[in-house]
Amino acid sequence: MAGHVHTGSAAVLLVGLSFRSAPVSLLEQVSTVDTDLPKLENALLDHDSLSEALVLSTCNRMEFYTVANAFHPGLDHIVDTIATYSGLDDSELEPHLYVHYSDAAVEHMLNVASGLDSMVLGEQQIIGQLRGAYEESKGAGTVGRTLHDLTQRALRTGKRVHSETEIDSAGSSMVSFALDRALTVLGIPEASSDALSGRRAVVIGAGAMASLASTHLGRLGIEHVTVANRTVDRAEQLASHAVEAGVPARGIGLDELPAALTGADIVVSATGAVGTVVSAADIKAAQQVRDGRQQVLIDLSMPRDIEQATADVPGVALLNIEELTGMTEDTIEDEDAARGIVAEELESFLEQQRAQAVVPTVKALRQQAMDALSNEMLALQRQTPGMSDEDREAVNRSMRRLVEKLLHTPTVQAKKLSAAGQSVSYPDALAALFNLPTGMTQQVSAVKGANAGSGQRKKQKPQENRVSTARAVYRSTYQDLTQASTPGGKDDDQ
């Protein structure tokens, strides 16, 4: 991919942690700062290295999107701010943080909005969460042009992915497939609205996948669902949703889980925690109470929640991510299609941003030309006091048209070159800016070489002057362009 997205010398800098990088306990501790996100976002802008800020906070991620004009100072300030607001030390945070800069940060937000980075592949809830984060940051006055454009592009990308693919059915398909397998293990011939009548289940976790499991169990006629989670409030919230859907349910903390396991015919775990949630010892104890009645354990987490050794306990069947690969072909096709859409939107956005980056330089060039024209008109007025106002205005209009014509092509070409993000040589860039015919500069050089010392030098002088003048204009313009579109200083070389 050609070029990087910078606004002047600034670029998007993202620092985050999610279910992929951090344990649930750490995520919960960091997420406590979202009680006053506007205050947090303004704290991020207390440092000169950052000019925009947006914080995306969900149950599975906490991401800090900023626009930084200096990479290292900006990164240090973000980490320090997270540590201050969460009450954690840098040493506790840093092993679990990920950092994306410039184009990579842009691509990450597009992936997030598309559900490609979610615990449940393709889930749509993240679109609303990102929109809410944007509105809150906008209200706090911490979002500028760059993050506005990026967020709107991400929301557009997410909508495209969900309307043009069926990736949002991937998570639901996995849960459905897992429960179909569970029915087979339990000797139930087919799925129906009363297939699990008289059976009880435990769902561990309170995120999107746990919610899907609870919903599917209800559709199969489960008698009762117990939702267990580290945070009891969230377990009770998910249980209340099940009750509203007509499924008897209750929420408990993980400390009550061992007792709940004894009554569960089906256990679905989807916490995303780091470390074992259900051990072989837990299941052995439960089976002693159950007198060996068949029990199906479904582990939908990565890394695993349920210890592999539980599969060796008599009367127990363990289904994990590896066991559920039979439904993946369609999902892979949808994921590939979704990533193709993200790639299209990413390239389009980068081109747009690169083109916008050259606008201030183009405006400065045009202003400089108009200032020079004004000075020349003042000089003309002093030199020709007898010229009528009508003639002077005619000259002024003519000169302005000339300046506009001279600047039109390099202005358009500069935007095209910037959008393309290609590296070109000085002669090629000069030819491109002024849209010179291919080979014209070589022809001029050949004529100059053939006439060297021939006595015809004076005849070529006007042509040489025009080329020299164009080169001088180009050098000045190119210097401004590169200063406007290249990261400034050693802190921006990441």
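Even glycines carry a Cβ here, placed using N, Cα and C.
Features as listed in Swiss-Prot:
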- Thr58, Cys59, Asn60, Arg61, Ser118, Glu123, Gln124, Gln125, Gln129: substrate binding site (BINDING)
- Cys59: active site, nucleophile (ACT_SITE)
- His108: site 'Important for activity' (SITE)
- Gly205, Ala206, Gly207, Ala208, Met209, Ala210: NADP(+) binding site (BINDING)
- 448-494: region 'Disordered' (REGION)
- 476-486: compositional bias 'Polar residues' (COMPBIAS)
Cα-Cα distance linking Gly205 (NADP(+) binding site) and Gln124 (substrate binding site), given in Å to the nearest integer: 19
Most crowded position, judged by CB atoms within 10 A, among Cys59, Ala210 as recorded positions: Ala210
Between Thr58 (substrate binding site) and His108 (site 'Important for activity'): CA-CA distance (Å): 16
Subset of recorded positions (Cys59, Asn60, Ser118, Gln129) lying within 10 A of Gly207 (NADP(+) binding site), CA to CA, in sequence order: Cys59, Asn60
Substrate site, defined by Thr58, Cys59, Asn60, Arg61, Ser118, Glu123, Gln124, Gln125, Gln129: further same-chain residues with Cβ within 8 Å of the Cβ centre: Met119, Val120, Ile126, Gly207, Ala208
Thr58, Cys59, Ser118 screened against Ala206 (NADP(+) binding site), Cα within 10 Å - retained recorded positions: Cys59
Residues near Gln129 (substrate binding site) in space but at least six apart in sequence (CB under 8 A): Leu56, Thr58
Helix, strand or coil at Gly205 (NADP(+) binding site) [DSSP, three-state]: coil
The one of Ala206, Ala208, Met209 whose CB sees the fewest other CB atoms within 10 Å, among these binding-site residues: Ala208
Integer Å distance between the CA atoms belonging to the residue listed as 'active site, nucleophile' and Ala210 (NADP(+) binding site): 13
Cα-Cα distance linking the residue listed as 'active site, nucleophile' and Gly205 (NADP(+) binding site), given in Å to the nearest integer: 11
Number of other Cβ atoms within 10 Å of the Cβ of Gly205 (NADP(+) binding site) across all protein chains: 30
Residues that sit under 8 angstroms from Ser118 (substrate binding site) by C-beta distance, when 6+ apart in the chain: Asn60, Val112, Ile126, Ala208
Rounded Cα separation (Å) that holds between Met209 (NADP(+) binding site) and Cys59 (active site, nucleophile): 12
Maximal Cα-Cα distance (Å) across residues annotated as binding substrate, namely Thr58, Cys59, Asn60, Arg61, Ser118, Glu123, Gln124, Gln125, Gln129: 15
Cβ neighbours of His108 (site 'Important for activity') where a neighbour is any other Cβ within 10 Å: 20
